[in-house]
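Report on the following structure.
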Amino acid sequence: MLAPKKMVRGNYSMVTEFILLGLTDRPELQPLLFVLFLVIYLITVGGNLGMMVLIRIDSRLHTPMYYFLASLSCLDLCYSTNVTPKMLVNFLSEKKTISYAACLVQCYFFIAMVITEYYMLAVMAYDRYMAICNPLLYSSKMSKGVCVRLIAGPYIYGFLSGLMETMWTYRLTFCGSNIINHFYCADPPLIRLSCSDTFIKETSMFVVAGFNLSNSLFIILISYLFILIAILRMRSAEGRRKAFSTCGSHLVAVTVFYGTLFCMYVRPPTDKSVEQSKIIAVFYTFVSPMLNPIIYSLRNKDVKHAFWKLVRRNVLSK
């Protein structure tokens, strides 16, 4: 194992780079994992970029619901890209290191985009509430200006929260081991490596994660409570079917994303929890961003129509 590179500050040395252990230390599995996660990443990039392109070029998809979906696709793409390239390089490299600065940057974007996605999913639930419970007021209430603010709000709040959390991480001192038992720079394993008092950082992490997780989930649950009441009051079976169909994809995405993150953050950073968090992290870092475009397009006639329209246009142009 490589010795930690250190920078002398005062009477002690500071770690200037970390070693990422990754998912496994078995060398025979590294090439297989490289191929697996490369395929997942290519599907993620293709699916989310494709969703954004379809929404951009098809006028039928220029509605609030699809603007929010395009924003979610952008988040998922950035979310996965923050971790995957470095992880793929490490699968084929003997030197699985990441600099202290790069580690902080990865931490920052991870936290920022997780919190942003919390509230983007909440915004999408609110949009469904407005469409189903207030259909006559939907166009006026969900104007272009309102949509821009509803998209910008989660981004601004998420990236400011990420900056605050990263500043607390920056204040930690790392002067011992530099081995991170994870495949990316995550707060729990970093906290375990710190040789300074981590109480403030741990408290901040649990408060911020707990508040944003519960607050955004509360918005989603309240929105769907009113949606359920509105659906049960519908006399038309076809109307109820369409309403459930509209909400089904979002509910699946919410369950996958929130379920895995809830398991991740409600536990203290112990040896066992870090090992478990690596498995859980695979789902929300790779599986969820890959599945979201599929989930949202599988039963969506508008998206499928836009896709085949684009395919026919390209085929006929040749």
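Placed from the backbone N, Cα and C atoms, the Cβ positions cover glycine too.
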Asp25 vs Thr97, same side of the membrane according to Swiss-Prot: yes
N-linked glycosylation site: annotated position in Swiss-Prot, out of Asn11, Asn212: Asn11
Positions on the same chain near the transmembrane segment (278-298), where near means CB under 8 A and six or more residues out: 23, 37, 40-41, 43-44, 47-48, 50-51, 69, 72-73, 76-77, 79-80, 83-84, 181-184, 186, 249-250, 252-253, 256-257, 260-261, 263-264, 304, 307
Candidate ranges 32-52, 61-81, 203-223, 244-264 - greatest C-beta contact count to the transmembrane segment (140-160) (under 8 angstroms): 61-81
Contact set, same chain, for the transmembrane segment (32-52): CB under 8 Å, 6 or more residues outside the stretch: 23-24, 69-70, 73-74, 76-77, 80-81, 84, 87-88, 91-92, 286-287, 289-290, 292-294, 296-297, 303, 307
Number of other Cβ atoms within 10 Å of the Cβ of Cys103 (disulfide bond) across all protein chains: 24
